[in-house]
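> Dropping a structure here in structure tokens format, bear with me for questions.
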Amino acid sequence: MSNPSLLILPGDGIGPEVMAEVRKIIGWFGDKRGLNFDVSEDLVGGAAYDVHGVPLADETMAKAQEADAVLLGAVGGPKYDDLDFSVKPERGLLRLRKEMDLFSNLRPAQCFDALADFSSLKKDIVAGLDIMIVRELTSGVYFGEPRGIFEEGNERVGINTQRYTESEIERVARSAFELAMRRSKKLCSMEKANVMESGILWREVVTRVAKDYPEVELSHMYADNGAMQLVRAPKQFDVILTDNLFGDILSDCAAMLTGSLGMLPSASLGAPMANGRPKALYEPVHGSAPDIAGQGKANPIACILSFAMALRYSFDQGAEADRLEAAVEQVLADGVRTADLLGTEGVTPVSTTEMGAAILAKLDASL
């Protein structure tokens, strides 16, 4: 039986630095746990533009379509600001999402106890927080037609169209319910059914899909109230399902409850392939951070936790994902911190590679 395949796309800025630490951890799982991957590496974003003149080569896209999972570092940087929109680094990432049809975006917001003081909210509100936001990623107002800026009478008008089909809602809803079954069997769907027809349809479809998951406790909430509740009492939620626009806003809101974007992974999942695994792209939430690139200051944890998500959702290795996540939590509990997490007494400042080494040491200790 062949090893599962993993395509690595380090990208730009701090991407190569944080990905280097992930490569070491991938190697550890092969050496110590017999969990081997066929790993290949290619270019994306500005790095691809510098070589190929496009932010994602066709050959790389083909590799991504064939891989069991894709792990991406970060894309973009000021060097590419003046490029035509069609070849900006971010277009490489957008092409991956579009052509792989990655419709279900998973954004965890977990607050490690050791970092609760970094949240802008009181410690007792966020300590132990563990939310998963499932955002529909390929439809809705960002993609609906008609769209554009047009002349109408004596002035211009900007138009965007919120559009969802039943099938688009159903597939992301099923993704969220399946996820809820893995977790606490609790799901809150957020929309604006009080003022938007797309929200009415969304609620109807989600309610219908819920009948196939009787073990999951389903609730509905208007998205504006959901944003307020995320700040007021975030631990009332477990899995949150929402559309593209509201998911964009709510996931960023939830992210800041945790204290640092350098900690947050994400997954974008598509339909199952022939082998039963979903097409999948994993990436940290943070950007390319060109201001600290090459200085050893980058926090590799978000990228490492993105690999943990790949272990869980693409490779059915939930126990090994737990092992890796526990190693990260133990390192943080020991007071080991990269530059983005300094600011409290009794911590040990470390570089990117030192953080990776500390996590590897905890993995060794877990055996």
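Cβ coordinates are placed from backbone N, Cα and C, and glycine is handled just like the others.
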> Going by Swiss-Prot, ARG97, ARG107, ASP224 bind substrate; tell me which of ARG135, ARG147, ARG203, ARG208 is listed for that site too.
ARG135
> Work out how many Å separate PHE85 (NAD(+) binding site) and ARG135 (substrate binding site) at their Cα atoms, rounded off.
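That separation, Cα to Cα, works out to 25 Å.
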> Relative to the Cα of ASP224 (substrate binding site), which of the recorded positions PRO89, LYS192, ASP248, ASP252, ALA289 has the closest Cα?
LYS192
> For PHE85 (NAD(+) binding site), name the DSSP secondary structure in the helix/strand/coil scheme.
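Assignment for PHE85 (NAD(+) binding site) reads helix.
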> Taking Cα atoms as reference points, which of the binding-site residues ARG97, ASP248, ASP252 is nearest to ALA289 (NAD(+) binding site)?
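With Cα distances computed to ALA289 (NAD(+) binding site), the winner among ARG97, ASP248, ASP252 is ASP252.
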